[in-house]
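Q: A single structure is presented below for examination.
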Amino acid sequence: MSASWSVTSCLFFASCALLVVLAVGSPENSNSELPVVSFDEGYAHLFGDDNLVIHGDGKSVHLTLDERTGSGFVSQDLYLHGFFSASIKLPADYTAGVVVAFYMSNGDMFEKTHDEIDFEFLGNIRGKEWRVQTNVYGNGSVGVGREERYNLWFDPSDDFHQYSILWTDSLIVFYVDNVPIREVKRTKAMGGDFPSKPMTLYATIWDGSSWATNGGKYRVSYKYAPYIVEFSDLVLHGCAVDPIEHSSACDAVLPSGSIPTAITREQRVQMESFRKRHMTYSYCYDRARYKIPPPECILSVKEAKHLRSFDPVTFGQGKRHFVKRRHRRVSATSM
């Protein structure tokens, strides 16, 4: 990608950025207004050989995990801020140890100071639901895990549901079906731990037997393979960045306020309701892991009480039994 192409691309994205306001500025609007790209327009095969299959008009992708390998794809471009989304249908039945990830990272470029914004879907034994985990890293801050974990109000293997990431210079919001479920604000307390460098978008399925389900108690069983996750409605709506210069004209082109800087009051009510009913873990309240909560945490008595009902040891007093996620970095060269 040349610098001149980057400027042209950013002009295109600047015009599209106005749609983000319509899509996430009010809860009744749908992100279906945003442009959906085909696989060949926006993505490339990352790993997994023929375990990645493109369907239909090129706007639907199936990733498979079997005894040989997992699979994944990656955006062709780097992005600095934007709105990124996919409709995902997860595998059904016994899925313990299976991890599906939809995330942004620059680990291949900044090995020791990388940034990352994660949606991770953690499989489970038969009869137990999938769990969703979100996480944020900035400037290589992997020693401070900022995980949150949730149950969902639907079975994500029954049908497609939309999972989205809004990333600006001051805010990260995770959405499920246009409902915000987590907001991460850039604060002085976070220092350089807020993601601030250009990142690539990834989608993968892989074997996380060592940690994903009950800390590794239940592992992937390949007698239930192949595990297939389906992706559609792929949205790459951000500012493309030159991969060599890491430069972008978007900051100069995008008009002030064209990307939201906060969620609406109605959306905040939705988010608080979701977290009250469905959040099962938050690093801010893990008293076994952090004797003193990380400085960016704003604690809520109601949230603390809710989480103690799930796990009085982790969120009260007692010996830690939380198993930290083993950080993975997937690249085409490592497969």
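Note that Cβ sites are derived from N, Cα and C of the backbone, with glycine treated the same way.
The following feature annotations were taken from TrEMBL:
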- GLU116: active site, nucleophile (ACT_SITE)
- GLU120: active site, proton donor (ACT_SITE)
- 24-231: domain 'GH16' (DOMAIN)
- 1-23: signal peptide (SIGNAL)
Q: How many other Cβ atoms sit within 10 Å of the Cβ of GLU116 (active site, nucleophile)?
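A: If we count other Cβ atoms within 10 Å of GLU116 (active site, nucleophile), we arrive at 21.
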Q: Determine the mean pLDDT over the domain 'GH16' (24-231), rounding to the nearest whole number.
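A: It averages 93.
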Q: If you draw a 10 Å sphere around the Cβ of GLU120 (active site, proton donor), how many other Cβ atoms fall inside it, taking every protein chain shown into account?
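A: Within a 10 Å radius of the Cβ of GLU120 (active site, proton donor) lie 21 other Cβ atoms.
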